[in-house]
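Here the structure is laid out as structure tokens; the discussion comes afterwards.
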Amino acid sequence: MKRWRNSRVREQAAGYLFILPNFAGYVVFVLTPILFSLYLVFVDWEYLKGFAGIRWVGLDNFRELGNDPKFLHSLKNNVVFTAISVPASMIIGLLLAVLLNKYVYMRNTLRTIIFLPYMASLAAVSVIWSIMYNASSGPINAFLKSIGIAHPPGWLSSPQSALYAIIIMSVWMTIGYTMIIYLAGLQGISKDLYEAADIDGASKLRQLLQITVPMLSPTTFLILITQLIWSFQVFAPVAIMTQGGPIDSTMVLSYHIYLEAFRFYKMGYAAAMSWVLFAIIFVVTIVQWQGQRRWQNHF
Amino acid sequence: MQPAAEAIPTTRIPVRKQPGLRIAVKIAVTVILAAFAVLMMIPFLWMLSTSFKINAEVFRYPIEWIPKTWHWDNYKKVWTGPNAFGIYYLNSMKITSITVIGNLLTSAMAGFAFAKLRFKGREFLFLLYLSTMMIPGQVLLLPRFILFDHMRLINTHWSLILPGMFTVFGTFLLRQFFSTLPNELLEAARVDGAGFWRMFWQIALPLTKPALVTLMIITFNWHWNEYEGPLIFLRSRELFTIPLGLTTYVEEMGTNYVMTMAASVSSFIPLLIVVVIGQRWFVEGIASSGLKG
């Protein structure tokens, strides 16, 4: 009995010791910053004056958000960016995965090549694309002119097309990721289903739509959630390629937060905005989870 | 009237007995996908080719994919002089390796405890971890900046290393994996008189290799490529990481595109080599994170 109790005590102690390094770091670098940020939301802080510059303003920061055209613009741009880039990347990634899974030679080589952009740094990729997008003489517009398009888009230099230019680049970058995850999902589908469908004479297209796509729905929801979260936080391409311009046409939340916090040192206001970003991500994720449950109950 | 019974042999036999058609389809799809893969590579190929040119040739059309003369001196300029690229490499390697190893160790220990050790408050602590997992980086960056400002860690590599060493994501990923290990295995070790550290280090850890590789690759990719953190926390040029060193260099070069591209290639090629050599690891690592995370 004594030995048993002794071993329980030792297990408790071991548990705390094993958690301690990570937990200490968690308290200092995650939990405390989160709580402090929740406090910042309610203050106006003249940062350079130190703690003496803090003034409690209640919900003023959120009221200001409603009147900030740049913020509303950012929200709209984030939504457009996500609504186009995420589905596009998922559809192309799924098609590639289906083809790579069964119908090709040199599967691994092709897979690695298509996956490569995803491993590259967004900084390097943004640098390359911003030169290729050069409106007057870049290779993209030179090609478009050579195939008879007299007035190709101004890409990054035009407010009508800048956001779409960044969307195209981001789709190019992320299809490798969606393809890889879909490929892994495809491995999990039983071959019997397709054989049965072959026997019933179902066409390949019908098999894709009625077996592959439904069976992949857990994978689809997983990609959807990770991609939505990722795309709402998009930062580097905007910071490097356009700095939010021209005339705020590519201003997104994360870059707006960055400007307010680290250029203008409006910590309270920036913190309020960062929690709005969190709220959006949170709601989107919860809605996805609910959707997934309901969807899976159909099968 | 039994069309269904008839349909079985007529549709089944052609599928099984036309290997020629199957091969033709496979070749056609391979060609199409290979063309697509080349299209995907165009930005990288263009970067590579431009980096060996002189500025007057950059925007020539049709594109000269093979430069007429190879200007290796572009690279010489990037890798020598006061802002040579070598220092960014050392910085990135230092930050990434310490962060990745530290994160693996603290996450594995905590994940093991959450999965396999019984102690008071375990469920509560794990819930606390979970509840903060979805908080985006932008929320954390701002208070961390203020914290580091007071700790005098701004403009040091520690401002990037420390937060990366203790991640909720890593703990969660490894905890999920440790949970799948059978308890009997650890009980047996215990009967043999093994302490908890030995149970962890010699039995549990070797069995979690796939999960450790996954976490390693994700964190490597993240810290090697991270842009926003270094941009906010680092000020001195000699401390910059590769992405930040690259964009700073690009800003200075302005329209000197050949230098810009030589710098981009320099920032990218070593990673490319690592990915191609370890492609199986990378691809499977990313894929399994997706399925379990």
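Just so it is clear, glycine is given a Cβ too, placed from its N, Cα and C backbone atoms.
Curation does not apply to TrEMBL; its annotations are automatic.
It should be emphasised that the depicted structure is a prediction, and the values quoted were computed from it without experimental measurement.
Copied over from TrEMBL:
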{"type": "TRANSMEM", "residues": "B:23-46", "note": "transmembrane segment"}
{"type": "DOMAIN", "residues": "B:89-278", "note": "domain 'ABC transmembrane type-1'"}
{"type": "TRANSMEM", "residues": "B:95-114", "note": "transmembrane segment"}
{"type": "TRANSMEM", "residues": "B:126-146", "note": "transmembrane segment"}
{"type": "TRANSMEM", "residues": "B:158-178", "note": "transmembrane segment"}
{"type": "TRANSMEM", "residues": "B:199-224", "note": "transmembrane segment"}
{"type": "TRANSMEM", "residues": "B:257-278", "note": "transmembrane segment"}
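Comparison of B:23-46, B:126-146, B:158-178, B:199-224 by number of C-beta pairs under 8 angstroms to the transmembrane segment (B:95-114) places B:158-178 first. Away from its own ends, the transmembrane segment (B:23-46) comes close to residues 63, 65, 268 of its chain (Cβ-Cβ under 8 Å, at least six residues beyond either end).
Distant neighbours of the transmembrane segment (B:199-224): 92, 95-96, 99-100, 103-104, 107-109, 112, 116, 160, 164, 167, 170, 173-174, 177-178, 181, 185-186, 189-190, 242, 271, 281-282, 284-286, 288-289, 292; these residues of the same chain sit at least 6 beyond its ends, with a Cβ under 8 Å from one of its Cβ atoms.
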